[in-house]
Each structure stands twice: as structure tokens, then as C-alpha cells.
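> Pasting a structure below so you can have a look.
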Amino acid sequence: MACLGSLHPLGSLLLLFLLLLLSPEARGEYGLVRVVSKNWSKDYCVLYSSDYVNLPRDLHHAPLLSLHDGTKTPWCPDEDSFHQAQDSSPRQRPLHQTTTMVTRGNCSFYAKGWLAQDQGAQGLLIVSRARNQQCSDTISKPQDPSKPWPALTIPVAVLRYTDMLDIVSHTYGDTDVRVAMFAPLEPVTDYNMAIIFILAVGTVAAGGYWAGLMEANKLQRRQAQRGGGLGGHNQQQTVAAERSQRAWEDDDFEDAPMDFTPAMTGAVVTMSCSIMILLYFFYDCFVYVMIGIFSLGASTGLYSCLAPILCHLPLWRYQWVLPGQRVSVTWPLLLLAGLCAMVTVLWVIHRNEDHWAWLLQDTLGVAYCLFVLRRVRLPTFKNCTLFLLALLAFDVFFVFITPLFTKTGESIMVEVASGPADSSSHERLPMVLKVPRLSFSALTLCNQPFSILGFGDIVVPGFLVAYCHRFDMQVQSRQVYYMACTVAYAVGLLVTFVAMILMQMGQPALLYLVSSTLLTSLAVATCRQEFTLFWTGQGRAKIPAEPVAQPCIASAVGSKMKLEDAKDSRTTNRFEQAVDGESGDLESSTGDDMAEMVTLSEDEATSPEGHSESSEGWSDTNLDPNELPSGSPMALEAMLIPLIQPIPHPSELGHIRTQSRVHDSSLPWMGLHKRKGLKVKKSMSAQAPL
């Protein structure tokens with residue numbers, strides 16, 4: 001499946017594809033051997049090959065035979081001795097009705113088993129110092145096809161060297177030691193699969209929901225900035241709004257997710273293939289690099305998840321200003337960073353502890369997945385489809401195609417996930433959720449007690465879930481896409497578990513997860529007739545503007561603007577009366593030709609030069625907000641504010657000119673462009689001479 005681990009979001013994706021759902025496949029089959037003495041008994045794990053003889057499934061059906069210790073003598077016959085049968089009857093052979101325990105030598109398992117069978121033994125335990133010992137890779141083939149070797153009729157199993165020492169220490173001096181070999185049925189399912197299911201679905205749901213909240217917060221900030229441009233009736237409010245806007249911009253810069261482009265998808269898949277091949281050929285060296293990358297990413301992810309919670313506590317106020325510097329250090333965040341680093345170091349030290357270290361690994365893994373889902377964003381459904389299908393092809397290739405090119409016939413993905421059999425480090429990739437088996441089985445004694453799920457099976461579909469929730473926030477669809485995609489992920493994971501149970505082998509989980517999430521998202525978008533918006537990610541075009549940001553149209557003007565219009569009418573009437581009384585030469589109506597319009601836009605309000613290039617050439621015609629460009633997220637509707645036209649020519653007004661100028665300057669909207677640094681553009685009718 002997939003693999004993950006890095007500090008930066010892009011680096012984390014480069015390792016996303018190395019983790020698998022595939023549980024390590026056993027070389028041979030696992031069984032148990034029950035060792036019984038007068039006052040002591042214990043079960044040990046063995047690895048046997050069903051190519052010879054299958055072991056009984058129940059202990060009651062397994063013969064309890066005497067144990068013969070042959071570890072101090074060599075046990076490798078010559079090839080010619082295979083065809084020399086014993087003349088004596090089975091009862092007269094030295095190992096009759098015994099199970100022989102011998103050391104691993106230079107000959108094959110078959111040779112040792114044939115020699116024990118020829119001596120009358122009913123079973124053979126081969127002691128091996130190697131880990132992950134295979135039972136089938138050491139079977140020798142006869143050099144002469146015309147003389148086939150005789151078939152084995154006794155079970156041959158591999159016992160670990162440490163277990164042999166434990167048996168000898170407990171049975172020292174005891175002459176009556178008996179053993180029974182059996183292979184109990186493994187449970188088809190285990191309760192730990194339910195825990196893995198909850199962890200995976202919960203992480204995907206939480207990560208997608210968090211990403212959607214960030215999108216909603218960003219949209220609210222933009223709407224607040226859009227409405228804040230007209231609220232400048234006093235200088236204090238203006239300064240406060242500017243400071244708040246700068247703080248918002250800083251937060252957006254720190255929390256802004258990284259958009260993932262199709263070019264990045266190709267680069268990630270190419271580099272992931274390279275990393276997979278490096279792990280396949282240089283596993284013992286490169287696995288430590290992966291552990292280091294996971295440690296850095298996990299500590300960062302844990303910090304990013306806990307920091308927002310810490311910011312709501314009273315301890316947030318404690319800060320320390322560095323002497324001679326303008327930088328302040330927040331003590332709670334500094335302590336939190338140290339705590340996250342300590343947790344990661346604790347896991348690194350005890351990562352191979354099977355009893356409790358998996359709790360730390362799962363905690364760090366969930367935090368890391370949430371961090372990546374927050375910080376990496378697929379901006380369109382087109383990018384999501386390309387990304388998920390590329391990883392699906394990557395997964396299928398390394399699971400089903402690579403066995404055609406490997407010497408052992410196993411896929412590179414399985415070798416990397418379970419670790420090479422000849423690995424000297426015995427390390428495992430940490431980019432997995434692992435939960436121990438909760439039911440007793442042979443795997444519990446055989447150091448195979450965990451079920452695993454790769455981070456890639458969580459994060460890769462999680463990107464689509466996060467995109468769906470962001471789109472919900474943009475089109476205000478009551479989280480329809482988010483809920484549908486999350487349920488589809490849960491169903492796909494259940495199908496993966498069922499397929500693994502039915503086929504008795506690991507499954508490429510992305511084959512089911514990608515199919516279920518993509519098809520469900522497409523179906524929802526098609527039913528809602530939003531496929532084009534969903535495909536291009538243009539959901540923000542449907543967000544209604546705030547009332548304070550609407551154009552100056554009679555039907556959309558707020559109560560505050562209506563009061564200002566009423567005040568304008570009263571002021572105009574007073575001007576008309578003054579003109580009629582003093583000069584009698586002016587008309588009593590200012591009319592449409594007396595109107596002056598100030599065109600404002602968000603670009604002009606936020607641009608350092610005070611105007612935008614797109615504002616050149618605009619006229620005083622009525623603008624429909626639906627016809628304005630929506631390509632740039634910062635482009636807002638133009639706002640038109642009616643102002644009072646300076647009244648007639650100076651030669652005709654006399655001292656009324658002075659009175660009107662003084663009166664106009666006292667109006668709250670006059671001089672707005674001077675205080676705000678905005679460009680004022682007069683209409684053609686306002687510039688025409690009287």
C-alpha cells in the first residue's frame with residue numbers, strides 16, 4: 001500500500017507509498033510443540049512445512065513421543081545413503097517412537113528429515129539460530145532424476161535456539177521428557193481488526209473535518225476583510241481593522257496548506273519507486289533513514305495537534321522576550337515541543353518492545369496523518385483523481401507485477417513490508433498502525449502478534465475526504481460530500497478486510513479504497529448537478545456576498561445606507577433652497593447629471609498604490625455582482641457610494657460656494673478617498689460643464 005514519514009508535507013508524501021496493509025507472510029506455517037516433563041510443561045513456537053506432513057490441528061490428536069537430544073552430534077547424511085534402506089524392522093531402529101532434536105547443519109531439511117525417518121523417528125525438530133527461517137528454501141533436488149529421493153512421512157519443524165536452551169534448562173537431569181507437535185487453526189478474524197478499523201476511519205474523518213474547518217475559517221476571514229473596507233467612519237476602527245487583517249494574514253501564512261499539483265504527483269510516484277527499490281536492495285541501511293524521518297515527522301505532527309488545544313489555556317499568556325531581540329518565546333509551546341520530542345525519543349529507544357511500544361507508535365502515527373491531511377491540499381477533484389489513480393497503479397504494480405521479476409517469486413512490496421529474510425538488523429518500517437492480536441493463537445508465541453495497516457491506506461484516501469469537506473464549506477452543502485466520502489472509505493476498508501479473510505492473503509487496500517471513494521464522490525456530485533464545480537474546485541463562486549459588500553443598488557442597500565441616503569436628500573434640498581434664494585439662476589433639482597460616483601474595490605483598498613490595474617476604464621454604469629470576475633479569490637464586487645456634486649459655477653453662486661464647501665467637508669463620506677488612500681473616479685456626467 002503506502003508509506004509516509006517526513007517533516008515537510010512534500011517530503012511526507014515521498015514516503016507515503018512504502019507502507020502496506022499486507023501482513024508479513026510466513027515462510028512455511030506456524031505450529032506449536034508441547035514439551036512435558038514430570039513437574040513442568042510449556043508450549044513453544046515451531047515453523048514447519050506442509051510439503052511433507054501436516055500436523056494435527058488438536059493437541060489431543062497429537063502423539064506424545066519421547067524427546068531424543070541429538071544436538072551434540074552431526075546430522076547430515078551423504079547423498080548415496082538416501083538410496084540405502086535400513087534392513088532392520090522399524091521397532092529395532094535406534095530412534096523408534098521418538099521425536100529427535102538436532103542442530104541446523106550444512107545439509108537440507110529434507111536430508112535431515114530423511115535421516116531421522118530412516119532411524120525410526122516419528123518427528124524431527126531442527127534447532128536454528130537464524131530468525132525468519134524458511135522451511136522450503138533449503139530443500140535439495142536430486143542430482144540424478146532417475147533416482148528420486150524417497151518421500152518423507154514424518155513432520156519436520158524448526159525450533160528457535162533460545163527455545164532449545166530453555167527446554168534443556170528445565171529438563172536437565174530428567175530422563176522422561178515427551179513432546180507433541182500440532183498446528184491449531186488460526187482464527188479467521190481477530191478483535192484487533194475492529195481497533196484498526198476505528199483508528200483508520202477516525203483518523204480520516206478527523207483529518208478531513210479539520211481541513212474543512214480551516215477552509216471555512218479562511219472564507220470567513222475573506223468575507224470579514226471584504227466588509228471591513230467600508231467601515232471607516234472613525235480612525236480607531238480603521239486601525240483596529242488593519243491590525244486584525246495583518247494578524248489574519250499572518251495566521252493564513254502559517255497555516256496555509258500546500259497545493260498539490262499534477263507535476264508533483266509524477267515526481268512523488270517516481271521518487272517513491274526509487275525509495276522502494278532502495279529498501280529492497282539496501283534494507284539494512286535505508287530502514288534507519290526511514291526511522292529517522294518518521295521520528296521527525298511524528299514529533300512535528302504531535303506538536304501540531306496539541307498546540308491548538310494549548311492556545312485555549314490560561315498558560316498561553318506566559319511569554320519570554322529574548323534580551324536584545326524582538327522575538328518572544330511562549331513558554332507553554334516551548335514545553336510542549338520538548339514533551340513531543342521526549343515522547344518520540346522514548347519510542348525510538350523502545351520501538352522493538354512488543355508489549356506497549358505499539359501504543360506510542362500508533363499515537364505518533366495518527367498525529368502524523370492528521371498533520372499531513374491539514375498541510376497538504378489537493379485543490380481540485382481532477383488533481384485528486386490523478387493522484388489516487390497514480391498511487392493505485394503504483395500499488396498494483398509492486399504487489400502483483402514485481403513477483404514476475406524477483407528471484408524468490410515474492411513481490412517487492414511484501415519483502416519491504418515484512419523485512420527481508422536475510423536482514424541482519426531485524427528492523428521493521430514504522431509507518432504503520434499496529435495492534436496486537438487479542439485472541440490466543442500460534443502467532444502469539446511465534447512473535448507475529450500484530451496486525452498492521454499502512455499510513456498510505458489512511459492518508460491517500462484521506463486527501464479526497466479533506467477535499468470533499470473543503471468543497472462542502474465553499475458551496476454550503478451541509479457536509480454532504482464529506483459524509484458520503486467518509487462512509488465510502490469505511491465501506492471500502494471493510495471490503496478489504498473481507499477480501500483478506502476470504503483469500504487468506506494480504507490485499508492491496510488502495511484497490512478497494514480508491515474505487516469506493518472516487519465513485520461515491522462522483523455519484524454525489526452528479527446527483528446534485530455540481531459535477532463541473534466539483535471537478536474544477538470552483539465551489540467558492542456560489543458563496544453569497546455579505547450585505548455590507550453589496551453594490552449600491554436600491555434592493556440591496558442596508559439600513560445604514562438608507563439613513564445616509566435620507567440625509568443626502570435633506571442636504572440637497574437645503575442647497576437648492578439656498579441657491580434659489582441667493583441667485584435664482586439654478587434649477588431646483590440636481591438630477592442625474594449632478595451625481596458623482598466613487599468606485600471602490602478590494603484591490604484598491606488593499607493595494608499599496610491605492611488602486612488596481614483592473615479598475616482603469618471602469619464607468620459609472622450599474623455593475624452586476626454576478627458578472628464580476630471570480631478567478632482571483634481576492635477579487636470582490638465593486639462598491640458604489642453616492643456623493644453630493646459640488647454645486648454650480650463660482651461666478652453664479654457667490655458666497656454660497658464657500659458655504660457649500662464647508663458643509664460638504666463635514667459630511668462623513670467626504671474625503672473618504674483621502675483618508676483611505678483610495679482612487680476616486682468621476683463619471684462623465686459629473687465632469688461635464690454646467
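Cβ coordinates are placed from backbone N, Cα and C, and glycine is handled just like the others.
Okay, these came from Swiss-Prot:
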- 29-192: topological domain 'Lumenal' (TOPO_DOM)
- 87-166: domain 'PA' (DOMAIN)
- ASN106: N-linked glycosylation site (CARBOHYD)
- 193-213: transmembrane segment (TRANSMEM)
- 214-260: topological domain 'Cytoplasmic' (TOPO_DOM)
- 261-283: transmembrane segment (TRANSMEM)
- 285-307: transmembrane segment (TRANSMEM)
- 308-328: topological domain 'Cytoplasmic' (TOPO_DOM)
- 329-349: transmembrane segment (TRANSMEM)
- 350-354: topological domain 'Lumenal' (TOPO_DOM)
- 355-373: transmembrane segment (TRANSMEM)
- 374-384: topological domain 'Cytoplasmic' (TOPO_DOM)
- 385-405: transmembrane segment (TRANSMEM)
- 406-448: topological domain 'Lumenal' (TOPO_DOM)
- 449-469: transmembrane segment (TRANSMEM)
- 470-482: topological domain 'Cytoplasmic' (TOPO_DOM)
- 483-503: transmembrane segment (TRANSMEM)
- 505-525: transmembrane segment (TRANSMEM)
- 526-690: topological domain 'Cytoplasmic' (TOPO_DOM)
> For the transmembrane segment (385-405), give me same-chain residues lying six or more residues beyond its boundaries with a C-beta closer than 8 angstroms to one of its C-beta atoms, as numbers and ranges.
1-2, 16-17, 22, 260, 262, 265-266, 269, 272-273, 276, 378, 411-414, 456, 460-461, 463-464, 508, 510-511, 514, 517-518
> List, by number or range, the same-chain residues at least 6 past the topological domain 'Cytoplasmic' (470-482) whose CB is under 8 A from its CB atoms?
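Long-range Cβ neighbours of the topological domain 'Cytoplasmic' (470-482): 208-209, 211-213, 215-216, 219, 377, 381, 521, 524-525, 528, 530, 533-534, 537, 539-540, 542-543.
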> For the transmembrane segment (285-307), I need the partner stretch with the highest count of C-beta pairs below 8 angstroms, choosing only from 193-213, 329-349, 355-373, 483-503.
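Ranking 193-213, 329-349, 355-373, 483-503 by Cβ pairs under 8 Å to the transmembrane segment (285-307) puts 355-373 first.
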> On the 0 to 100 scale, where does the mean pLDDT of the topological domain 'Cytoplasmic' (374-384) fall?
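When the pLDDT values over the topological domain 'Cytoplasmic' (374-384) are averaged, the result is 91.
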> Run through the Cβ atoms and count how many others sit within 10 Å of the one on ASN106 (N-linked glycosylation site).
7
> Report the DSSP secondary-structure composition of the topological domain 'Cytoplasmic' (470-482) as helix, strand and coil residue counts.
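With helix first, then strand, then coil, the topological domain 'Cytoplasmic' (470-482) has 9 helix, 0 strand, 4 coil.
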> Counting only CB pairs under 8 A, let me know which of 193-213, 329-349, 355-373, 505-525 has the most with the transmembrane segment (449-469).
193-213
